[in-house]
Amino acid sequence: MVPREQAEEAIVADSNGKEEEVGVMGVSAGEHGADDHHGGGGKFSMKNLLWHGGSVWDAWFSCASNQVAQVLLTLPYSFSQLGMLSGVLLQLFYGFMGSWTAYLISVLYVEYRSRKEKEGVSFKNHVIQWFEVLDGLLGPYWKAAGLAFNCTFLLFGSVIQLIACASNIYYINDRLDKRTWTYIFGACCATTVFIPSFHNYRIWSFLGLGMTTYTAWYLAIAALLNGQAEGITHTGPTKLVLYFTGATNILYTFGGHAVTVEIMHAMWKPAKFKYIYLLATLYVFTLTLPSASAMYWAFGDELLTHSNAFSLLPKTGWRDAAVILMLIHQFITFGFACTPLYFVWEKVIGMHDTKSICLRALARLPIVVPIWFLAIIFPFFGPINSAVGALLVSFTVYIIPALAHILTYRTASARMNAAEKPPFFLPSWTGMFVLNMFIVVWVLVVGFGLGGWASMVNFIRQIDTFGLFAKCYQCPKPAPALAQSPVPLPHH
């Protein structure tokens, strides 16, 4: 087995070769295949600046912008269910736990890729995905589990972005109901089929994070300026169902690394990804903690019936700007969630190595249709996050990576020949295994068990209250018009 340094060099070499050869990734031969070009020694072009992203910074922007998105608007709702102290502590707890499992995924990717490269396998015209890593390291049953959970999570992750688009635009233009806006934004988001891979999200990731940063600080400042209305109460937590629903939404918030492998594969040096997700999470804390805390302080228990933070803030130009920027970012995040699904579908129908972007876009369109349909059936912005977090995120990005790491390195020979040794802050294999088992047990019991129970109770309650295919979820009821009949003229 190649040691860690050689494994990294092998990965870099293959990545560069891939970028020179794969036109479908948006990079042509000789354009910037050499590593010294990526370092700044080659010819500058606007196309490279905006379209070809594979640096450490590109990966950081992708992770940070993909992680926060629309959950920024539902975290105040979660704080009202949890209370201030639990809300802050659980954000920190799940943020660091998510960073650890993202690290495990990156280690397993490097292990899989270094083994395959030693066997002479080429990844030209092929994007490695998480289920393929599981297949290569642990066999077909793990591949099936990874494929099922990952694809279902990404499917509903895309659904959530579409629901959020309709929910947000309603606060600018309420002449159309949220269901109609879902139809419109479903068509708009379908244009993501033309973006070949994560390699081509450079400018979008940068803009997306900037937009989310504006929205987060708008929420915090607007809430503080609004102040506490008279009679505001902060009673959370009051019910176990609400508590674990809120906790699971936070688990969902910091479980956005279902696309980690695809982001790594788009890097010029994938082995440098290890701590990027942690650094992205630290930045995300500066957005989520102030905004959620300020909103809960200002509005308290009112948030229990307002899952979208925008709904409680006064309509101003600042709010409209935040809504518009969040809409654009949700379009970007929709693409992030859908792109791995596009890859899977391409591989199923044999179109993954097709070089024509238009043909691939046409082949991808069937993926958008079920997303569109599900967003119309379940328009429950907020509660759906918790349900997806408990039933899908708990396995996809917490339990499966932790178990996969334990089983991959369960033998002494596997540990001795590992492409990545334990990190400096936890230099013991035993320590890593103990931490992994803690994550498995915690998420299985608290996230999937209690969180699943609470989230499904809350989700079913939304169906009972609003019904499937709800036309305008949580929209304010129009004031009843006073029927004023004309006064009859006296007869003479």
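Cβ atoms here come from the backbone N, Cα and C positions, even for glycine.
Worth saying up front: this structure is predicted, and the values here are computed from it rather than measured.
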Practice task
Return whether the side of the membrane given for Asn226 in Swiss-Prot is the same as that given for Lys269.
Solution key: no
Handout entry: Secondary structure content of the topological domain 'Cytoplasmic' (262-274), with strand meaning DSSP E or B
Key = 8 helix, 0 strand, 5 coil
Completion exercise
Across the topological domain 'Cytoplasmic' (408-432) the predicted model averages a pLDDT of 93
Handout entry: Same-chain residues near the transmembrane segment (433-453), Cβ under 8 Å, at least 6 residues beyond its ends
Key = 97, 100-101, 104, 240-241, 244-245, 247-248, 251, 386, 389-391, 393-395, 398-399, 402-403, 405-406, 426
Completion exercise
Relative to the transmembrane segment (387-407), the stretch among 68-85, 144-164, 181-201, 241-261, 275-295 with the most Cβ pairs under 8 Å is 241-261
Handout entry: the topological domain 'Extracellular' (296-322), counted residue by residue under DSSP: helix, strand, coil
Key = 20 helix, 0 strand, 7 coil
